[in-house]
Amino acid sequence: MSDSSRTSDISPRSHRRHDAGAGVGARRPPEGRRLSLLDRVISEADTVMRTLANRGNSAGRESPATGHSESRLSERERRHVAGLMRVNHTGEVCAQALYQGQALTARLPTVREEMREAAAEEIDHLVWCAERLRELGSRPSALNPAWYGLSFTLGAVAGAIGDKVSLGFVAATEERVCNHLKEHLRQLPDDDRKSQLILQQMLQDEQRHGDNALAAGGADFPRPVKEVMALVSQVMTRSSYWV
């Protein structure tokens, strides 16, 4: 957990050390060198490829499901769990895009750094969901490129408007993510311990991201804005479940 006195933190740095000088997974530039806009764009392009190709990313934390045996799911249950995990994987693709877009346009260097730190932790979720999908004999959503593009654009626009709006967008997004994670936990078969453990850890992390974004000065969006975001989220979850 983040120290409450460090209200600028979006995600904890205690889990592991990330090279956050550029995009997630990118090499840190030489000490004292500031990245140009072109450097940052190239770095973000590399992150896009890693995220959408499901290759080149590695989790900094072991999956909560590691060491737990596979439950005996019926074919109907397996398909349903795979659909839920596909939705969650797409949600993490969107989270990567959102944070990367905001990091590209955020005005304060400290906010850019925190966005990259949060995106780095989201990689864990991305990898865990991808692993679980493979175990279930399924695949990520074919719509991920479209959702990545939309989320990156929204994140970049929010960052360009101002850090208060950008952080508020993080908080509102994480609120939506937490709501659907809770719903998915209710829908999982009782004996699917592997999926339960993954979603429980993701829920804990996402709640912290949202709380810290507000504590760092993020705007608390009005209800109409959140309702529009909820509608977009519903389109994403329903489409990604099947496609």
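Cβ atoms are placed via backbone N, Cα and C, with glycine included.
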Residue among GLU174, GLU175, GLU183, GLU227 sharing the Fe cation 2 site, where TrEMBL lists GLU122, GLU206, HIS209 as binders: GLU174
Using only what TrEMBL says about Fe cation 1 binding by GLU122, HIS125, GLU206, identify which of GLU75, GLU77, GLU92, GLU135 is listed for that site too. GLU92
Would you mind reading off the Cα separation of GLU174 (Fe cation 2 binding site) from GLU206 (Fe cation 1 binding site), to the nearest angstrom? 6
Starting from the Fe cation 1 site formed by GLU92, GLU122, HIS125, GLU206, give every other residue of that chain whose CB sits within 8 Å of the mean position of their CB atoms, in sequence order. GLY91, ALA95, GLU121, ASP124, LEU126, VAL177, MET202, ASP205
Could you round the CA separation between HIS125 (Fe cation 1 binding site) and HIS209 (Fe cation 2 binding site) to a whole angstrom and send it over? 13
